[in-house]
């Protein structure tokens, strides 16, 4: 393992995450896998890295008062339950030898979907900008099936009266993704909170970061105690490089135009997904593999 | 189900009797094997790139005429810590390579380094070597669990040996054992760079004209030292504290960064 490559990887992903305001977990884990780090280690270490990259954002949102702790706590209940189930699935997949495959497949689906959606969105935005049309904010309807669910709760900070069922459900799903894929899940949670739950945009990012920190921290603990797969040295190098890279990313991001940047990120995401997909299809050098069960360690 | 139970019961009853028969037959050879290593513990640092381990030994009570005809052969094996190992084979499903069939072998050494007076295959007949379990081709590989009609055992055993050899975990050196005087010998076994941590066993076997005569085993503890191993030990032995520390380190790194790079 070359420390400079890891540093470069961390800094590059940190730069991108600062530029686009994303966590970067969904790029770190596949990059580690490309660098021949076993997927089980890449996922657990990725989750640990996300803790560090999310904390500074969450702190600044908390200071600005754009973090709904109550809503975040309800999300967190679902998140912790989801992460627990996810770790269980993770261990099960590992014991039957399908873990690497499932991680790759999930990434191909996730990166492919996110990449295509982002690309379409930014192309639309670029066209709009070319025609000099004003950005038409789609006014979401006031009520949908989500808002007819029972067990409603009032979230003062978000100024919303909402059923806890979809909130816990969303947290649960993200928790599973965190433990199996080593991502924070902000890139799914943020759109879901805005478009599905109709939560005001100003509290969405801070609140999702709040839940991400606790769920990734919990996942790191679970991975360390059940699969012994957290590499603290690797994680630390990635963290340090990542937080520094993010600072420069933020600066560059403020100077450049959003739509073109997003189109670039979409292409990058698609490229990473495509590379993983190719690895699944190409005939492996050796179809046989051997693993030590670690029963008598 | 009942038939199986009855069979097991019958076996259970038959086994002590069989053992009795074996004990009654005196299979005593005059030859004995003695070996010695300078240490029973090896400390390995993180920059370890592999090394040779020298083992001295002697045949006692040998027949001088047989020795002169080079009828004695010695095989020394350094067996690593044992664990269950699973071999998997990928097959193509809808265009994607997926692990399909697998077989788990019970308690096989993680590493195996063999040194002998000549090629092990020429020392004794395969059944003898299989019985003793010496030689990469003859090491005991017993599958655990359901193996179907058993037709795939050979396939998985061969794959296991090939993977272990190509990975450098299993090595052999025909000619690594040399006589330095009439009955005194020196064996050189290789410690691979990836030598696993734990208790290894140096096992020496004496063959006389293709017949297994005697065996002698000595334990050898391989201890990895240095910071990498310390971290690895902590990850396994104090997993909870290790996990908590990982989280704490992440929180601290993120928090410090937010202070250092604060804009106002």
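Just so it is clear, glycine is given a Cβ too, placed from its N, Cα and C backbone atoms.
Note that TrEMBL annotation is computational and uncurated.
When TrEMBL is compared with the stretches A:136-156, A:262-282, the one noted as transmembrane segment is A:262-282.
The recorded stretches the transmembrane segment (A:262-282) and the transmembrane segment (A:40-59) do not share 3+ CB pairs below 8 A when only pairs 6 or more apart in sequence are counted, and are therefore not in contact. By the Cβ criterion (under 8 Å, sequence separation of 6 or more), the transmembrane segment (A:102-120) is in contact with the transmembrane segment (A:12-34), since 3+ such pairs are found.
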